[in-house]
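Here Swiss-Prot flags 14-25 as compositional bias 'Low complexity'. Swiss-Prot lists Asn473 with the feature N-linked glycosylation site, giving sequence analysis as the kind of evidence. According to Swiss-Prot, the region 'Disordered' annotation covers 1-37. Per Swiss-Prot, transmembrane segment is recorded for 129-149, 160-180, 208-228, 237-257, 297-317, 324-344, 349-369, 381-401, and the stated evidence type is sequence analysis.
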Amino acid sequence: MDLTTTRQRRPLISDSSSSSSTKSYSKTDKPGRSNGGDAEDGGLRWFLPFIALCYLRYMSATSNIIHDCDEVFNYWEPLHYILYKSGFQTWEYSSNFALRSYLYILFHELAGRPASWWFGDDKVRVFYAVRLFLGLVSAVSDTVLVVALSRKYGKRIATYAVAMLCLTSGCFFASTSFLPSSFSMYAISLSSGLLLFEKYAMAVAVSVVGVILGWPFSILAFLPVVIYSLVKRFKQAFIAGAVTTIFLLGVSLLVDYYYYKRWTSSVLNLLIYNVLGGGESHLYGTEGALFYIRNGFNNFNFCFILAMLFVAIYPVIRRKYDRALLVVISPMYIWLAFMSLQPHKEERFLYPIYPLICVSASAVIENIPELFREKYSSRESLLVTITKYMRPVILGCILCASHSRTFALINGYSAPLEVYKLLEHHDDAGPGSVLCVGSEWHRYPSSFFVPHYISEVRWIDDGFRGLLPFPFNNTLGGTSASPPYFNNKNQASEEQYLKNIETCTFLIELQLSRPYQYRGSDLSTWEAIAVLPYLDRELSPAKYRSFFIPHMWQEKNVFGKYVALRRVPK
């Protein structure tokens, strides 16, 4: 029988060349990660970013200074009152005005109440327990954002982002600050991450929480995420937003009634006062249009500059990223422009967009080589190769400058917290002791640092003519009181200062090189029980005080003395 074998022809080179596309290929033609993600590794795992963020948030919680007296008097003090039935009240918490939400304070009681049971009279530990709680919330929200970035756009942009979220000075300090703007920052991170995960209903719900429970004015920063989510999944996103809004406004209304003892909404009161009621924020200081640009550079150095460039290079890199990343980053520009137009400016007002600055800068750093790539060439130029290796160098410079800035602030301005901690070692003064504070009232670190043997903290007149906080008046009703000495014009009350300084047992002073005498200079009346250096901002050159450079920082700057004094027994 004849066997017929069929031999298959070996493919020729010309066959393969003819079947392939004639169009040249370059790396810029690769589909972006937004078209399906990395099938091999699925992006970063949850564990490592979370651990890194938790570690840095722990460091922030334990070493962060208090940057603003508003944090103390409008948030730490009401929490102290809820926990211990003593603390200072500002005019915003007067029942007559009711501008502050107790629901936001109660959220922090979730950590403060168990800590007060566990640590008893050690209120300083309760303070740091609340800070650790804030750090944990920040770490969780930032982890969601980082993992979402990695799964949608790749590990590199996510790695850059987590490094800057951990170490940039702005994020380091804002992450554990007890402020509504910090809470809105957590919500911005979480809602942005959920949007990238395509969890649109959850993104809208978190946005509502950030606005109502956190800072109502931050609604402008959440608009891009909310609008994009509604476009993508209108029904689910709308229902989630509506239900969350109704629920939180209802709960807030009930909580406000419980504490203010009248039907009122602190959320609406705050908006009406500032938007419709002619809120006179200029009474508390005004700044120029470039304030936030300078502030952004101080807190993020070159990261801030790179972040601002994202919109400029987006036309070059838009094939790599889908529209979702532009939506996530856009609140940075909207918020910065809007806040720069307001006369009253505070550093904390920029907190909500801090994570977006890191994301934007990460995208720019990742794509620096793309700016130098030849469009139709498949070969990589020397300049592209060099810029690839420059990316970690740029990131390293940002992180080193950030660490230097963080270290400068902690070493320069941590004295108030540390000096007040030492008061607990002088309980031999006995119950009923009075702690007096003059011009340093705005650096008062909160009643959590005042030992139980001190019965009163009193302000003494050092020339300040604005309205100071008063202790919550339990006789008039505590949180429901409308004391007559409060006003919304920042006008000093005759009752706010202690008349007889002879009743002071302890005195807190900042002694700087100025041509006048300090009360603590009278050594026959006062003895120093704690003295720590404090950076003299006015006499220290900006180029040396802003960033910590070993040896030079100590030599070129001028320091005063932050002093706790005790009355000499007669």
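Keep in mind that glycine also has a Cβ here, set from the backbone N, Cα and C atoms.
Here the transmembrane segment (208-228) touches the transmembrane segment (349-369). Their Cβ atoms form 3 or more pairs under 8 Å, with each pair 6 or more residues apart. Here the transmembrane segment (297-317) does not lie next to the transmembrane segment (129-149) in space: the count of CB pairs under 8 Å, restricted to residues six or more apart, is fewer than 3. Of the candidate ranges 237-257, 324-344, 349-369, 349-369 contributes the most Cβ pairs within a distance under 8 Å of the transmembrane segment (129-149).
DSSP gives Asn473 (N-linked glycosylation site) a coil state; it is part of no helix or strand. Distant neighbours of the transmembrane segment (349-369): 142, 145, 149, 153-154, 156-158, 160-161, 164-165, 168, 170-171, 174, 177, 179, 181-182, 184-185, 188-189, 192, 210, 215, 218, 221, 292, 295-296, 299-300, 303-304, 306-310, 313, 316-317, 320-321, 325, 328-329, 331-332, 335-336, 339, 342, 384, 387-388, 390-391, 394-395, 398; these residues of the same chain sit at least 6 beyond its ends, with a Cβ under 8 Å from one of its Cβ atoms. Counting same-chain residues at least six beyond the ends of the transmembrane segment (324-344), those with a Cβ under 8 angstroms from any Cβ of the stretch are 34, 152-153, 188, 192, 195-196, 218, 220-225, 228, 281-282, 284-287, 289-293, 296, 307, 310-311, 314, 350, 352-353, 356-357, 359-360, 363.
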